[in-house]
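Novice: Grabbed the feature section from TrEMBL, which reads as follows:
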TRANSMEM  15-37  transmembrane segment
TRANSMEM  44-64  transmembrane segment
TRANSMEM  100-119  transmembrane segment
TRANSMEM  126-147  transmembrane segment
TRANSMEM  177-204  transmembrane segment
TRANSMEM  225-252  transmembrane segment
TRANSMEM  272-294  transmembrane segment
TRANSMEM  301-319  transmembrane segment
TRANSMEM  331-350  transmembrane segment
Amino acid sequence: MLLEILKEFLQSTGFAAITYKEVIMLCISFILLYLAIKKEYEPLLLVPIAFGMLLANLPLGGLMDPPIVEVVEKSGVLVPETKQVGGLLYYLYQGVKLGIYPPLIFLGVGAMTDFGPLIANPRSILLGAAAQFGIFFTFIGAILLGFTGPEAASIGIIGGADGPTALYLTSRLAPHLLGPIAVAAYSYMALVPIIQPPIMRALTTKEQRQVVMEQLRPVSKKEKIIFPIMVTVLVSLLLPSAAPLIGMLMLGNLFRESGVVDRLSSTAQNELVNIITIFLGTTVGATANAQTFLSPSTLKIILLGLIAFSLGTATGVLFGKLMYRTSKGKVNPLIGAAGVSAVPMAARVVQKSRTRRKSKELLAYACNGTKCSRGNRFRCSSRTSSYVLRIKILAGEFLR
């Protein structure tokens, strides 16, 4: 009798239900946690993503299970009745699925971004545009591998290393691929310190990496206030479907630059972004369950996403080299790598790559970007990352 009870207990545990695929996913989550905690590779993103992946692959937990709903007749009317509620992460995931979290993230990003360098030097928009070529190359590759047009566009957008944009576009074009694309996009954002440096070193010389750029002209407060208003109007009229993202981005920036709503600006920059990051990261990681993640199509998406991101970095650096030559050595080509939207990760990687052998010049280089933000963002981040959203939305709209 005791043995039967013990046997029944063991059969009800996750140890009896776990499969080799789930073991593989658990190992992947452990590796990501190691990279986040030990190596400090963007822990704010990687820790919640990895732990969400861990939770989703523990058998019988049911954290991502949908609710069980039955249709019953009441007073001659058929009404849905919930027989069993869904898992906690299932409900939090609706913010991703319904496109709620990405605009809120952009509200916070706008409040943290200084568009002054872009206003002072509009030509720098070309660097951000160049870094988006990986999206189009990967779109063609995905088509050749058998994906449909909307699916290929959603996969290609991973190349921008912009999680919220990838989520938003995929939820509109290919919602059935939301899980693997979300995991790929955010994982590559977090792994920028591993992916970008070899590409940047291969495409530039030591002399080019050591270029110190000149300070830009001061930008008036009036210009900074008018900019988000005008961008919202023009972009929303040109691409109406971009209004939710661009509107929230510019609203956050207006909070910052107006100077009359410091409480709202502070909340958007800190509490709001932190809360949404927890929900977004954990639920994105939870979509990587063994049954759907370890499939040929998902592996293709991850590989294509890596190609897209690598090509985006390479084309950004190459265009930076072109500007280096046309400016007679006044532009550091590394800033082209910050054209991808992994903010501020790409900017930090660019700075570290530049100062790898001349750390004593770190202060001099950082001083060139003092107008970018009162945080730890460098000029290349503000100059090239603040506007690539508009370019990527244009790509998604064109490929729809």
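From the backbone N, Cα and C atoms, a Cβ is placed for every residue, glycine too.
Where the annotation comes from TrEMBL, it is an automatic prediction and has not been curated.
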Novice: Could you tell me whether the transmembrane segment (126-147) and the transmembrane segment (44-64) are in contact, taking contact to mean 3+ Cβ pairs under 8 Å with a sequence separation of 6 or more?
Specialist: no
Novice: Kindly say whether the transmembrane segment (100-119) and the transmembrane segment (301-319) touch, using the definition of 3 or more Cβ pairs under 8 Å where each pair is 6 or more positions apart.
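Specialist: No, the transmembrane segment (100-119) and the transmembrane segment (301-319) are not in contact.
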Novice: Could you tell me whether the transmembrane segment (126-147) and the transmembrane segment (272-294) are in contact, taking contact to mean 3+ Cβ pairs under 8 Å with a sequence separation of 6 or more?
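Specialist: Counting Cβ pairs under 8 Å, fewer than 3, so no.
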